[in-house]
Amino acid sequence: MFGPVPCRLPGGIKTCILRPVACVFTSSSRMAKSKFEYVRNFETDDTCLKNCYIVVRLDGRNFHKFAEQHNFMKPNDDRALGLMTCSARSVMEDLDDIIISYGQSDEFSFVFKRTSNWFKRRASKLMTHVASQFSSSYVFYWRDYFRDQPLLYPPGFDGRVVLYPTNRNLRDYLSWRQADCHVNNLYNTVFWTLVQKGGLTTTQAEDRLKGTLAADKNEILFSEFDINYNKEPLVHRKGTTLIWEKVRTPVVLNAPYSLYRASEVVHYIDTI
């Protein structure tokens, strides 16, 4: 910005020259201040307590209907499980403060380290970012797993945030989710075996399993269908655990040396 500066030339002739003048701009923070700013007082402080593990758990919304309309195989569809794991990896790559993830069926849990300061530890920010990254990845990678099945409509995932102050609390949480995987998968395996191989209707299979214990379900599988539940795929029985590990990576093809980099590694392990 320029401003006029008067001056007098020889002979009494008056003129002026332009001299640069500093321009002062109003900052956006000052501009934002107005009589309406009081509405910010209605916002709640959802900062997560420090020194606690932050766990964000996602669950598929109306996934029974989604699975039916997209022809998921029963009782387990490895394509769907693979897509869930791929989406979880995408989240971990985006938020490297996640130290471990565990998933089964249509849910996935993401554990942030105690010292994480992502989004200033705001629960709403963490939950919405994880949910949106996971959902968009699920849609983005759909064709990699369901080549012959078009995506009829976008899926939805709801989320929640829970804090766990101790290692034991966190371990018990992961054990709880894996116990849920055991219970649900055993029931679904027997239920759909009775329907697909036993010729029962879904109502008859449900009635047959009422009041049965885990031992009873194992006996039905083994004695009637020669199925040893303990030999079912680990991913179905134990769920999927993702952790960061150092992986040796060649610098160039056939090079005699390599580098280590952090990568998400899949495990099917017991947490109980």
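Glycine too: its Cβ is placed from the backbone N, Cα and C atoms.
Automatic, uncurated: that is what TrEMBL annotation is.
DSSP states for the domain 'tRNAHis guanylyltransferase catalytic' (36-165), grouped as helix (H, G, I), strand (E, B) and coil, give 56 helix, 31 strand, 43 coil. The annotation domain 'tRNAHis guanylyltransferase catalytic' is assigned in TrEMBL to 36-165.
Its own atom aside, the Cβ of Asp106 (Mg(2+) 2 binding site) has 20 Cβ atoms within 10 angstroms in the protein chains shown. Residues annotated as Mg(2+) 2 binding site in TrEMBL: Asp59, Asp106.
Within 10 Å of the Cβ of Gly60 (Mg(2+) 1 binding site) there are 20 other Cβ atoms, across all protein chains. Residues annotated as Mg(2+) 1 binding site in TrEMBL: Asp59, Gly60, Asp106.
Per TrEMBL, the feature GTP binding site maps to Asp59, Gly60, Arg61, Asn62, Phe63, His64, Ser105, Asp106.
Summarising the annotation, TrEMBL assigns domain 'Thg1 C-terminal' to 168-249.
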Cβ-based isolation winner (fewest other Cβ atoms within 10 Å) among the binding-site residues Arg61, His64:
His64
Which numbers of helix, strand and coil residues does DSSP report for the domain 'Thg1 C-terminal' (168-249)?
57 helix, 10 strand, 15 coil
Report, in whole Å, the straight Cα-to-Cα distance of Ser105 (GTP binding site) from Asp59 (Mg(2+) 2 binding site).
9
